[in-house]
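Q: One structure follows; several queries about it will come next.
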Amino acid sequence: MDADLIIVGGGLNGLTMALAAHAAGLTPMIVDAAPPRPVGDVFDGRSYALALASCRLLDGLDVWEDVVDHAQPILEIKVSDARDGQPPSPMFLHFDHAEIEEGPMGHLVEDRHLRAALETRVTGDGITWERGATVTAQAPGQVTLADGRVLTARVVIGADGRMSGTASRAGIRHTRWSYDQTALVCALEHDLPHHGIAHQLFLPAGPLAILPLTGNRSSIVWTERAEVAKQLQDGPDEAYLDALRPRFGDFLGDIRLVGARHTYPLGLSLAHHFVAPQVALIGDAAHGVHPIAGQGLNAGLRDIAALAEVLADAARRGEDIASPLVLTRYERWRRFDAVSLALATDTFNRLFSNDNSALRMVRDVGLGIVNRLPGLRRGFIREAAGLTGDVPRLMRGEAL
Amino acid sequence: MTVAETTVNPAEIAKFEAMAEEWWDPNGKFKPLHMLNPCRLDYITTQIAAEFRRDLATPKPFDGLRILDIGCGGGLLCEPMARLGAEVVGADAAERNIPVARVHAAQSGLDIDYRHTTAEAMAAAGEQFDIVLNMEVVEHVADPLAYLTACQQLLKPGGLHLCSTINRNPKSYVMAIVGAEYVMRWLPKGTHEWSKFITPDELFDLMRQAGLEPVDRKGYVFNPLGWSWSLSDRDLSVNYVTAARKPG
């Protein structure tokens with residue numbers, strides 16, 4: 001046996017899963033198709049809105065201490081309905097972290113800082129990390145690499161993304177659907193401070209999120225119809241900014257691009273099962289959601305916290321961690337949440353990504369009602385912070 | 001001494017023999033036991049860890065402990081104990097369970113000593129253990145006091161006796177017999193006889209008479225929303241589990 005767990009995929013989820021497994025007293029091994037790549041010194045425009053629960057998980061794994069100095073707390077969230085070139089609807093939602101006792105509902109972290117911190121910890125913990133190693137075949141408890149080596153473990157964990165090879169080799173099918181929408185992602189530098197406020201504007205083409213980064217910088221996730229998005233992405237920076245400015249407004253002063261621009265076609269995918277004999281799926285391999293709510297990485301981290309807890313508890317009871325009895329506990333815990341999130345995200349997108357005046361009135365009234373009810377508003381804040389539902393121990397700030 | 005001469009009721013053994021091959025099928029007839037098992041193991045492991053000062057977060061925390069599981073069935077408790085490092089003897093009065101348990105232990109790569117014998121026979125042979133697991137057995141024996149006395153004799157001084165059974169009251173009749181056997185079909189009809197169920201106070205009295213010192217008791221409570229079992233300090237109305245020490 002080469003390890004207790006073989007984790008296929010060396011992305012953020014794969015690395016975090018390895019650290020959580022290590023913390024659970026298990027021996028993980030990472031099999032990563034990507035060759036070693038330098039973690040850039042320069043910001044590449046990619047960042048994540050980590051919910052409070054996700055920050056706690058990273059803290060429990062001793063990763064957060066390396067990230068916190070580069071992280072921007074989200075102190076408030078403002079949600080408003082808007083049309084291009086018009087001021088936002090007066091009925092906007094305002095969530096202030098002061099309304100809940102746990103602290104800021106989340107932090108913005110740049111990809112390079114999070115990845116560097118995870119890589120440092122994985123190396124520091126002495127976790128085996130096969131890089132540039134492609135899996136060509138798989139059987140319960142083993143994988144075969146392109147170089148012919150066969151690795152064995154109790155459980156193979158698929159952390160290999162939306163088109164997960166681990167899932168398809170295990171015979172797990174996905175339901176996928178896509179939207180004629182593309183998320184445009186970039187980072188901006190602006191003249192005026194953001195005061196730690198995240199904005200979510202609902203525009204007819206789709207939502208625009210303005211998320212505060214450290215300094216006078218913000219991360220932008222901007223959704224447009226696929227055709228428009230392609231033109232913008234292929235065009236020069238100036239045309240891109242010219243299209244963004246009227247949507248963005250001028251409340252942060254003049255804006256400039258920092259780092260590269262990225263695009264992500266929008267779609268949902270959901271694995272029919274999260275486990276198979278001696279296999280478990282986490283993150284996008286299990287469920288890919290629309291980035292509208294910034295919940296993709298947070299949902300993946302919740303999978304990790306839940307799976308690590310299920311495996312740690314089973315190991316301490318002396319159960320066989322590879323038994324279907326154990327793995328189905330993880331599936332029962334996470335699949336309901338993941339299906340709910342996919343459906344809620346889909347509904348939210350259909351409700352907000354249009355300019356139908358009746359729907360517009362409904363959602364404006366809805367936003368207004370939520371804003372006037374402190375209990376409901378606190379519920380939304382706690383939801384955004386990842387503190388609702390059956391929260392795994394690592395996300396409650398407790399030890400595994 | 002043969003099995004027929006002991007306190008084991010032959011009709012009870014026959015009922016379980018019929019079910020033996022299904023022990024390890026998570027969705028088979030023993031599904032309810034598989035559902036209960038994490039909760040039972042939580043109780044067993046934390047009681048042993050507390051009594052013998054072991055840290056469950058370390059590998060093989062039960063190294064050096066000798067454990068007897070009476071009524072071991074297919075090995076649902078023996079295998080976890082062996083995986084935690086204990087030296088395990090699994091005893092079952094139903095002969096057909098023994099090869100099933102042995103085959104499965106070999107598949108799991110675990111070394112477990114499975115025997116077709118009874119508590120009384122092992123006590124007479126002078127066997128000694130640090131821990132005796134006595135789970136869901138006492139409600140099936142013909143003479144509970146004689147049986148518990150044999151369990152006491154099997155313990156080293158200072159040893160730990162963990163025993164679970166079913167309470168006797170109208171609720172336990174509805175839950176364990178009508179609910180589990182007739183409505184949910186979790187257990188074959190006739191698995192239990194309600195009149196043999198024992199209240200926690202009666203069990204503690206029997207243990208004291210047998211020379212054991214009761215130290216703890218908790219209820220197993222089924223949560224239909226989460227479809228899982230948990231331990232309760234207060235609700236011992238149906239299934240419950242106890243810990244007792246042999247003085248010494």
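Heads up, residue numbers simply count up from 1 along the chain you see.
Each residue, glycine too, has its Cβ placed from N, Cα and C.
Curation does not apply to TrEMBL; its annotations are automatic.
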Q: Which one, B:R40, B:R168, B:R208, B:R217, is listed by TrEMBL in the same S-adenosyl-L-methionine site as B:G71, B:D92, B:M135?
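A: That S-adenosyl-L-methionine site, as TrEMBL gives it, pairs B:G71, B:D92, B:M135 with B:R40.
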Q: Counting across all protein chains present, how many other Cβ atoms fall within 10 Å of the Cβ of B:R40 (S-adenosyl-L-methionine binding site)?
A: 24
Q: Sorted by position, what residues of the same chain at least six away from B:M135 (S-adenosyl-L-methionine binding site) have a C-beta under 8 A from it?
A: B:R40, B:D69, B:G71, B:L77, B:L162, B:C163, B:S164, B:V241
Q: What are the non-local neighbours of B:D92 (S-adenosyl-L-methionine binding site), defined as same-chain residues 6+ apart in sequence with CB under 8 A from its CB?
A: B:I70, B:G71, B:C72, B:G73, B:I98, B:A101, B:Y114, B:R115, B:H116
